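Asks: I'd like to ask some things about the structure below.
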Amino acid sequence: MSAETLSALLPLVAIIPLLLAGVAAVIPWAPVRVALSLATPALMAATAFALLYRVMDSGPIGHNVGGFPGGVSIPFVADAFSLLMLGVAALVVFAGSWFAQVAGENKSRFFPALTLMMLSGMTGAFLTADLFNFFVFMEVMLLPSYGLIAVTGTWHRLAAGRSFVLVNLMTSTVLLIGVALVYGSVGSVNIALLAGMASGGGPGAVALGLVIIALSVKAGLAPVHTWLPRTYPSTSPAVMALFSAVHTKVAVYMLFRIYVVIVDMEPSWHWPIIALMAVSMLLGAYAGLAETTMRRVLAYQMVNGMPFILVVLAFTDGDARAVLAAGIFYAVHHMVTVGSLVLVSGAIEETYGTGTLSRLSGLARRDQLAAWVFAAMAFSIVGFPPFSGMWGKVGVVFAAASSGDARSVVVIAVIVLASLGAMLAMIRVWRGVFWGRPMQGVDDSLRVRGALVAPSAFLAVAGVAMFVFAGVVAGWTGAAGDALVDVPAYVEAALGDPSEAVSYGNLENVTTDTAAATDTDTVREGATR
């Protein structure tokens, strides 16, 4: 298939799950609804990886909806970074939907439709090249999330869901205000037209700061993280797994894109990034030690994991491609590992009616498959072989060491301390739930069903495969890093013919030099600030 045809079909990748959500909402046959909820994310993952190999060979593809000039139309761009994140997130959505089916969480006829609608919003958010449309797709992703909390919720879950709704409504408002101010300051919200706009404190830098603050809240970064460990564990296990792969990673994706393309990897941001990421790492690692349930401990490991992904942004003054690839590798590992841990914890919770550490004991001998899966993914989250977490943390450490200055010393020291905290948290869960004497007063025939553990085992196998075939995964993440720093290719894919975008919006000049740019500096000089 030609690149032009693929580009024209790109919007359908986001639209088809939304159309199937409508079908799932009205169709009366439960087996068909379940089949749609499982087949769609699986096909989405397959499509994303197929396109990934295509763009690795030929570069990013883009489409301006309606054939309007760049800067006016709705732009979609698929490069190695967006497609890799989309493919892995879709796999976790598949595993979460699978668990929901086995555990009976999708008893509501609207569960499959809501999941598919969320998948559509996630897909559009990964593929759009426009800040306003990113906001729109995030809302498409969030609205069914509120519904998922409602249809799977007990009264306790609904009460916690109020905090989730309130926080996301507030941050969405801040995000929209920030996007509006960017448009008012610069005259466009097209990411390609904004290339380099905030470098050195450009006219839209303050407005862009609001966008970054909103995305930081949604990503669960300290000190604006407290809502996440309070709300995520109060949802059902399947919904928590979906949220862990979708909500936080979409925000992280856009933070990467903004910092590289719009902020132009400004060196003055390095120490503020390090300070914020260090606080997030340490809080996430050690605050979980005070929690009393499995999924609350894991929620803090989500807070701990986000800064491991983002801290590489403080080292882009060296080999930007390599350090960004390290962060992306960790993001892929984190999606798979946390998804597996949440689902295996959910399997235990569904079987024994509780996830409280003090009420569980001795499951290592009683439920060996669940114990093996949890142990494997706990090793991975800490960074031990033979699991993906080892390569993820090694990559981040090498990225931090690349500067060879005080930044390296500080970040590596924090990584060691945070990894120690994560290990202590996992040991605490293991001792409380899997070690110790067998539980008293529990029917000896009661076991965690293999079918309940299967979705988490599927992700655990993926985590082991990432360790064994690390070279293949590194090829994907390296291509993603290349795509991020290749701003001229992204600009060309998003705008089409930059000369036709000159007269649109309030940007004074986007020269034809953009189309002919051969290096990042040229395109950033050509893009209007």
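Placement of Cβ uses the backbone N, Cα and C atoms for every residue, glycine included.
Quick paste from TrEMBL:
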| type | residues | note |
| --- | --- | --- |
| TRANSMEM | 6-27 | transmembrane segment |
| TRANSMEM | 34-56 | transmembrane segment |
| TRANSMEM | 76-98 | transmembrane segment |
| TRANSMEM | 110-128 | transmembrane segment |
| DOMAIN | 130-411 | domain 'NADH:quinone oxidoreductase/Mrp antiporter transmembrane' |
| TRANSMEM | 164-185 | transmembrane segment |
| TRANSMEM | 191-217 | transmembrane segment |
| TRANSMEM | 238-263 | transmembrane segment |
| TRANSMEM | 269-290 | transmembrane segment |
| TRANSMEM | 297-316 | transmembrane segment |
| TRANSMEM | 322-348 | transmembrane segment |
| TRANSMEM | 369-388 | transmembrane segment |
| TRANSMEM | 451-476 | transmembrane segment |
Asks: Go through 191-217, 297-316, 369-388 and flag the stretch with the largest number of C-beta pairs under 8 Å relative to the transmembrane segment (451-476).
Replies: 369-388
Asks: Among 6-27, 34-56, 76-98, 238-263, 322-348, point out the range having the most Cβ pairs under 8 angstroms from the transmembrane segment (369-388).
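Replies: Looking at each of 6-27, 34-56, 76-98, 238-263, 322-348 in turn, the most contacts to the transmembrane segment (369-388) are made by 322-348.
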Asks: As a test: from 34-56, 110-128, 297-316, 322-348, pick the stretch that has the greatest number of Cβ pairs under 8 Å with the transmembrane segment (238-263).
Replies: 322-348
Asks: At least three Cβ pairs under 8 Å linking the transmembrane segment (110-128) and the transmembrane segment (322-348), pairs spaced 6 or more in sequence?
Replies: no
Asks: Mark yes when the transmembrane segment (76-98) and the transmembrane segment (322-348) have three or more Cβ pairs under 8 Å (sequence separation 6 or more) and no when they do not.
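Replies: Result for the transmembrane segment (322-348) with the transmembrane segment (76-98) is yes.
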Asks: Give residue numbers and ranges for long-range contacts of the transmembrane segment (76-98): same chain, 6 or more residues beyond its ends, CB-CB under 8 A.
Replies: 10-11, 13-14, 37-38, 41-42, 44-45, 48-49, 51-52, 55-56, 59-63, 65, 106, 112, 115, 118-119, 122-123, 126-129, 238-239, 241-242, 244-246, 249-250, 253, 256-257, 328, 331-332, 335-336, 339-340, 343, 454-456, 458-459, 462, 476-477, 479-484, 489-490, 493-494
Asks: List, by number or range, the same-chain residues at least 6 past the transmembrane segment (34-56) whose CB is under 8 A from its CB atoms?
Replies: 6, 13, 16-17, 20, 23-24, 78-80, 83-84, 86-88, 90-91, 93-94, 97-98, 100-101, 106, 111-112, 115-116, 119, 123, 475-476, 479, 483
